[in-house]
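Per Swiss-Prot, the feature GTP binding site maps to LYS30, GLY31, LEU32, VAL33, ARG34; the stated evidence is sequence analysis. Sequence annotations record features per position, and here Swiss-Prot assigns 5-phospho-alpha-D-ribose 1-diphosphate binding site to ARG79, ARG104, ASP133, PRO134, MET135, LEU136, ALA137, THR138, GLY139, ILE140, THR141, ASP203 based on sequence analysis. If you look up Swiss-Prot, you'll see ILE197, GLY202, ASP203, ALA204 marked as uracil binding site, on the strength of sequence analysis.
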Amino acid sequence: MPVKIIDHVYAQYLLTQLRNRNTKGIDFRKGLVRLGRIVGYELVRYFPTREVEVETPLGKAVGIEILGLDKVIIVQILRAAMPFVEGLLKAFPQARLGVIAARRKEEGGVVDVEVFYSKIPTVEREDIVIVADPMLATGITMTRAIEEVYRVGQPGRLIVVSVIATPVGIERVLSKYPETEIFVVAIDPTLNDKAFIVPGLGDAGDRAFST
């Protein structure tokens, strides 16, 4: 299961609101937070569980424990991922946080990415690293981010979460890091000449922060 589309009805509703060009500023940002929460809850479905017995005030009950919640590291790619990760943290409140700052470079019509800041917690073999970026467009930024994760350590699981991805971005990530699990809310068909996803939702960072 390298790629999973999150088809939860509320996630698809929120995506529609984010795509709408008339959704402005704070509403866009709040939408990313809400969507991050839903995506987080969907991710938890793919965590292992075990049966446990607990004492209630009136007796005993059998339930489940979710394994690995205390081993999650969320790495956010600034700045569009900030509200998205705020939502993810509702599902993973114990997560440790890492930050990567990157900028696009265009030279001679070629788009590249430069990572100019990276601060990631120590990664151990039992850890689950979630790399979050709302837009998985060319996949260049994401592969750079994964490189930074592996500089720190080798996780047990590597998960990429995005709102919208393209086949190009997915292929670039999986061709270099086939062990990656990718969760997205939608896959859009193409990129324009500026490497933005079409139809996409525009520049997520600019729209979230009204810049």
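The backbone N, Cα and C atoms fix where each Cβ goes, glycine too.
According to DSSP, ASP133 (5-phospho-alpha-D-ribose 1-diphosphate binding site) is assigned to coil rather than to any helix or strand. Around the Cβ of GLY31 (GTP binding site), 26 further Cβ atoms fall within 10 Å across all displayed protein chains. Within its own chain, ARG79 (5-phospho-alpha-D-ribose 1-diphosphate binding site) has ALA101, GLY205, ALA208, PHE209 as residues 6 or more apart in sequence whose C-beta sits under 8 angstroms from its own. A 10 Å cutoff on Cβ-Cβ distances gives ILE197 (uracil binding site) a total of 26 other Cβ atoms nearby, all chains included. Within the group of binding-site residues (LYS30, ARG34), the Cβ with the highest number of other Cβ atoms inside 10 Å belongs to ARG34. Other than ILE197, GLY202, ASP203, ALA204, the residues of this chain whose Cβ falls within 8 Å of the Cβ centroid of the uracil site are, in sequence order, ALA80, PRO134, MET135, PHE196, GLY200, LEU201, GLY205, ASP206, ARG207. Taking the centroid of the Cβ atoms of LYS30, GLY31, LEU32, VAL33, ARG34 as the GTP site, the other same-chain residues with Cβ within 8 Å of it are LEU14, LEU18, PHE28, ARG29, LEU35, GLY36, PRO83, GLY87.
Largest CA to CA distance in the 5-phospho-alpha-D-ribose 1-diphosphate binding set (ARG79, ARG104, ASP133, PRO134, MET135, LEU136, ALA137, THR138, GLY139, ILE140, THR141, ASP203): 17 Å, whole number.
In the structure shown, across all protein chains, GLY139 is the one of the binding-site residues GLY139, GLY202 with the greatest number of other Cβ atoms within 10 Å. Spacing of GLY31 (GTP binding site) relative to ALA204 (uracil binding site) is 11 Å (Cα to Cα, whole number). Here the CA atom of MET135 (5-phospho-alpha-D-ribose 1-diphosphate binding site) lies 9 Å from the CA atom of ASP203 (uracil binding site). Within 10 Å of the Cα of ALA137 (5-phospho-alpha-D-ribose 1-diphosphate binding site), the following binding-site residues from the list LYS30, VAL33, ILE197 place their own Cα: ILE197. Of all the binding-site residues given, namely LEU32, VAL33, MET135, ALA137, ALA204, the one with the smallest number of surrounding CB atoms inside 10 A is VAL33.
Between GLY139 (5-phospho-alpha-D-ribose 1-diphosphate binding site) and VAL33 (GTP binding site), the C-alpha separation comes to 22 Å.
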